[in-house]
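See below for the structure under consideration.
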Amino acid sequence: MSDQQPVKQHGDALENLYHEHRSFPPSAEFSAAAVAQPELYKEAAAEGPEFWAKQARQLLTWDEDFTQTLDWTDAPFAKWFVGGKLNASYNALDRHVEEGRGDRVAIYFEGEPGDTRTYTYAELTEEVKKAANAFESLGVSKGDRVAVYLPMIPEAVITMLACARIGAVHSVVFGGFSADALRSRIDDAEAKLVVTADGSYRRGKPSLLKPAVDESLLKDGHTVGHVVVVKRNGEPVGWTEGRDVWWDDVVSSASAEHTAVPHDSEHPLFILYTSGTTGKPKGILHTTGGYLTQTAFTHRATFDLKPESDVYWCTADIGWVTGHSYVTYAPLINGATQLMYEGTPDTPHQGRWWELVEKYKVSILYTAPTAIRTCMKWGRDIPGKFNLDSIRVLGSVGEPINPEAWMWYRTVIGANGGKKEIPAPIVDTWWQTETGAHMITPLPGVTATKPGSAQVAVPGISVDVVDEMGESVPDGSGGFLVVREPWPAMLRGIWGDPERFKETYWSRFDNMYFAGDGAKKDEDGDIWLLGRVDDVMNVSGHRLSTTEIESALVSHPSVAEAAVVGATDETTGEAVVAFVILRGSAKDDDDIVTTLRNHVGKEIGPIAKPRHILVVPELPKTRSGKIMRRLLKDVAEGREPGDSSTLADNTVMSQIAESLRK
Ligand code: 6R9
């Protein structure tokens, strides 16, 4: 591997990637029985888009076959499986029952307090049919948008599938987001219905959701007709007569007969908001046929899924794309048995996850590096108390995984604390809300894995690393990650803003999708991800935009100006660090930092609260007025600030240093 410099300055963890030489070939035993075989790559390369047509027909049940695989004439707006008709909910549920798999467990649910529920495919199908009838009785029909603001409980999956069944478009809003954030998403999508819960359990205490919904709907001018409320923790809730209805009242009494009508392959399935480089979150739009094909295909191949025998557990919240693709849709499309857990990993004790792995004999575990690093911090003795022998595949997603965490994951979790001779393969899956499904990942049983690298494009996917000019870089060099060919699960646009879609992803390079990530090819041509090149931060796998937090800060009367950067953090990947210039009297307020942290929490959500807020006299800006966050990142990470020659006023950095010494 060369010692070339990365495309941008990163923390030590990522720098270490340049010195990583280890490689772990698959065991012969695993390879022999693996779902993915090496021929897949050759097949996909030879067949082009027809490779995906084959997958679509194999993995999904179509009411009407498609007549064209890909229509790219209106690029970058793609149409996949043109003319085809299908129902996502039928594919995830009814057909398993019709084909004799009704008694298979679809979901084992474990609540944080320890309550459990089990849904077979037959039972889940029935619940979804009832929910679909209930939503229809509340006036929801095909094409309407439904905002979903729920904790990690089965009703979340049921709600999403009931929407898909009707052809209504769900927009899941992460339960950790504030009332204001919820309202802006309700407004942008013009949601007709909100599905929420009284609350949930977090760290042994009831946490509340319904009050945020009430607050978000206080101001008139919204489109919401009804709010359906799941009773989860029994906390008292405010009630608006005529608008609010209990889930138990409308769903439990609804008929369990509901016929899924076929929808067009390109019918919108969901909108999911994600942070962009400007303040306003983007509503990423996904449609049906292509999305389901690629999520189902990757779920089988990437995780070596054997639906009859595996117990799969993806720890992601449904408020994240990972929860959409790899909790709600792909596992059920594939007829898998999965575990769903409501709470935090350290309640009531730090071994809760591993206790669950032992209890349910989880065989495939899919989680994020931030969680792995947290468990590392707690120590290997904690998982060491449990039998993790059932684990045979481990997945990682959300941010680059540093080799140290990768090795820990492999040995402590994947080899049952070192007791297993052959550790479970780790698949480091790179993808985005926008890509809908895995794009770069090793395949277990095929790829010799390298700690810290996502390595190779999924068969049928064409990714590359290019330089400033859009030229493919040679092996051993870094640049920008792009996707060269349209792919089935690609976003179909940004809700209500086609121009922004073109501008954000398709204008940086000609005819290529610009992902916003820096990447490098090593000397074997394997891809290493290096983090975002734009101003999007990744905190514990959550994407936060610097601009969004800055605008929250300056919305406070005490703040004149604000700049936010992500500083490398051992546990959360990145941590939010804010630099603020205060207005007059606020300078004497000793509690200002606490006040501002809480303000950001209220405006956006607790996850966005800055780890540190530094009060400074000035901010470094270029002549065109752009804040040079790179310099602030240097300060936040304790380095000597780099080149500041393009600053309008180059004494600013010394003024900042001076003020922080005080
Ligand atoms: C699925 C998801 C997307 C951004 C993406 C990248 C980072 C995700 C990664 C990874 C390195 C991986 N990212 N997986 N970086 N290795 N395996 O996370 O979607 O929330 O939209 O975030 O996350 O920076 O651009 P999303």
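Note: Cβ is positioned from N, Cα and C throughout, glycine not excepted.
Per TrEMBL, the features are:
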- 39-92: domain 'Acetyl-coenzyme A synthetase N-terminal' (DOMAIN)
- 99-495: domain 'AMP-dependent synthetase/ligase' (DOMAIN)
- Arg202, Arg203, Gly204, Lys205, Thr322, Ser540: CoA binding site (BINDING)
- Gly398, Glu399, Pro400, Asp428, Thr429, Trp430, Trp431, Gln432, Thr433, Asp517, Arg532, Arg543: ATP binding site (BINDING)
- 548-626: domain 'AMP-binding enzyme C-terminal' (DOMAIN)
- Val554, His556, Val559: Mg(2+) binding site (BINDING)
- Lys626: N6-acetyllysine (MOD_RES)
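Ser540 (CoA binding site) counts 20 other C-beta atoms within 10 Å of its own C-beta, drawing on all protein chains shown. Using a 10 Å Cα-Cα cut-off from Thr433 (ATP binding site), the binding-site residues that qualify among Arg203, Thr322, Val554, Val559 are Thr322. DSSP assigns Arg203 (CoA binding site) to coil, not to a helix or a strand. If you compare Cα positions, Gly398 (ATP binding site) sits closest to Thr322 out of the binding-site residues Arg203, Lys205, Thr322. For the domain 'Acetyl-coenzyme A synthetase N-terminal' (39-92), the DSSP-based tally of helix, strand and coil residues reads 24 helix, 11 strand, 19 coil. Surrounding the centroid of the Cβ atoms of Val554, His556, Val559, where the record places Mg(2+), the chain contributes additional residues within 8 Å, namely Ala552, Leu553, Ser555, Pro557, Ser558, Ala560, Ala562, Val580, Leu596, His599. Under 6 Å, Cβ to nearest atom of ligand 1: this is the test, and of the binding-site residues Gly204, Lys205, Pro400, Trp431, Thr433, Arg532 it is passed by Pro400, Trp431, Thr433, Arg532.
Listed binding-site residues: Val554, Val559. The one with the lowest count of other Cβ atoms within 10 Å of its Cβ is Val554. Applying DSSP to the domain 'AMP-binding enzyme C-terminal' (548-626) sorts its residues as follows: 27 helix, 27 strand, 25 coil. Between the CA atoms of Trp431 (ATP binding site) and Thr322 (CoA binding site) there is a gap of 9 Å, rounded to the nearest whole number. Note: the CA-CA distance between Thr322 (CoA binding site) and Arg532 (ATP binding site) rounds to 18 Å. Counted within 10 Å of its Cβ, the other Cβ atoms near Trp431 (ATP binding site) come to 26, all protein chains included.
Around His556 (Mg(2+) binding site), taking its Cβ as the centre, 20 other Cβ atoms fall within 10 Å, counting all chains.
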